[in-house]
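This report refers to the structure that appears directly beneath it.
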Amino acid sequence: MANPTLLILAGDGIGPEVMDQVVRIIDWYGDKRDLAFDVEHDLVGGAAYDKHGTPLHDDTMAKALEADAVLLGAVGGPKYDDLDFSVKPERGLLRLRKEMDLFSNLRPAQCFDALADFSSLKKELVAGLDIMIVRELTSGVYFGEPRGIFEEGNERVGINTQRYTESEIDRVARSAFELARRRGNKVCSMEKANVMESGILWREVVQKVHDEDYPDVELSHMYADNGAMQLVRSPKQFDVIVTDNLFGDILSDCAAMLTGSLGMLPSASLGAPNANGHPKAMYEPVHGSAPDIAGQGKANPIACILSFAMALRYSFDQGDEATRLESAIEKVLADGARTADLMGPEGGTPISTTQMGDAILEALDASL
Ligand code: NAD
Ligand code: IPM
Ligand code: MN
C-alpha cells in the first residue's frame, strides 16, 4: 500500500524552526515504527509571497487538496505588514482553510502537570485542565460579505459582516457533540444572542441539533463575554466549547495561556469525511510566527509536534502512536526540559528548539 502523504507548509518566522523538529519526529516514526509518510514541502505566507508574489500559489493549493494531511507552521511577520491586504501572508492560511472547507477547528487546552505552576492562574485552577474549543473556521465575520473599506460621504467606512447559515452552524455543532461523546459528554455553546441575530440563530440551531440527535450530551449556552470571564475564573467547568470563528480565535488564545504558554497548544482543522472515512485536514500550532524570537533558536516546538500527534490520531488512525508522542512530551516536561517561554517562577536555564527536539526523540526511543 502507498504511504500516506503529508504536505508540509512551514511558513514564516519560527514556523520553519519548529517544523524542523516535527520532521525529525516524522522520520523517527518511519525508522522505528514502520510508519512512513511521503512528505512534500512547499511555501505559504510571506515565504510564498517572496517567491511567487502571492501568499499561496495555486499549485500549492492543489497539492493541499490532494494530500492526506497538511502540516502548517505559522505565517506572517513585520516584513509583510505594509503589503496590500489581498496578498498578506494571513490570506494564504485563510484560503487553505476556506478551499479545503475545514469548518471544524479543534483547539485543545490541556495543562501538563509539570507546567501547572507556569500558568498565570493559580495552580489548583488549572492542574488537570483538559478542555476542547471547537471553533467554526470557514465562515462568520472572517468571510462574510459585504466587506471592505468604502468611501461614505467625506470619510471612509470599514465593513465586515458576521454571517452564518443554519447548515454551517449545524455541521460544526455536530462535530462538537461527536467529540463530547468521546470525552466528558458536555458542550457549552458561546455566542452573543443578546445583541446579535447571528447569535440567536446559532443558539437555536445548536439546541435543535442537540434535541434531535444528541440528547444524551449535556448542553449549556453562554454569552461569549461571560465565557471569557468563566475561562479565567474556573476553566475546569468546561469540557467542549463550541463557538464561532472570531470568538473562537480570541477564546482559544485565552485558553492557551491557561496552560502556561502559547507554545504548547496544537490544533486540528477538519472538514467533512472523504471517501476513505477521513476528513480533509490541516494541523497547525495555535501560535503565530513570533517575530520577536524568530531566528534565535528559542521557540518551543511542542505545539507543532502536538499538532502532528493530532494528525496521527485524526487522519491516520494511529491513536496509540499519538499517545506515545504525547507521553514522550509529558515525560520531558516532567524531567524539567524547558524552552525559554516555559521559564516559570523558579527560573533556570532554557534549552533551545533543537534541544527540545533531541529530548523528545530520546523519550520516544525510551518508549520502545
Ligand atoms: P504570536 O503567536 O506569533 O506571538 C505571541 C507571543 O507568544 C510572542 O511573544 C511570541 O514570542 C510568543 N510565542 C508564540 N509562539 C511561541 C513558541 N512556539 N515558543 C515560544 N514563544 C512563542 O502572535 P503575534 O505576535 O500576535 O503575531 C505575529 C504574526 O503571526 C502576525 O503576523 C500574525 O498575523 C501571525 N499569526 C499567525 C498565526 C498562524 O499562522 N496560524 C497565528 C497567530 C498569529
Ligand atoms: C489563528 C490566527 C489566524 C486567525 C490569523 C493568522 C489568520 O490568529 O490561527 O488563530 O485569525 O484565524
Ligand atoms: Mn489566533
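Note that Cβ sites are derived from N, Cα and C of the backbone, with glycine treated the same way.
Features reported for this protein in TrEMBL:
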BINDING   77-90, 288-300  NAD(+) binding site
BINDING   Arg97, Arg107, Arg135, Asp225  substrate binding site
BINDING   Asp225, Asp249, Asp253  Mg(2+) binding site
DOMAIN    5-360  domain 'Isopropylmalate dehydrogenase-like'
SITE      Tyr142  site 'Important for catalysis'
SITE      Lys192  site 'Important for catalysis'
Rounded distance in angstrom between the Cα atoms of Ala294 (NAD(+) binding site) and Arg135 (substrate binding site): 27
Mean per-residue pLDDT computed across the domain 'Isopropylmalate dehydrogenase-like' (5-360): 96
Among Arg97, Arg135, Lys192, Lys298, which are recorded positions, the residue with the most C-beta atoms within 10 angstroms of its C-beta: Arg135
Any further residue of that chain within 8 Å (Cβ to the Cβ centroid of Asp225, Asp249, Asp253) of the recorded Mg(2+) site: Ala224, Ala228, Leu246, Phe247, Gly248, Ile250, Leu251, Ser252, Cys254
Candidate recorded positions Arg107, Lys192, Asp225, pick with smallest Cα gap to Asp81 (NAD(+) binding site): Arg107
Sequence-ordered recorded positions from Gly77, Tyr142, Asp249 with Cβ under 6 Å of an atom of ligand 3: Asp249
Around the Cβ of Asp253 (Mg(2+) binding site), the count of other Cβ atoms that are within 10 Å: 15
Binding-site residues close to ligand 1 - of Arg97, Ala290, Ala294, only those whose C-beta is under 6 Å away: Ala290
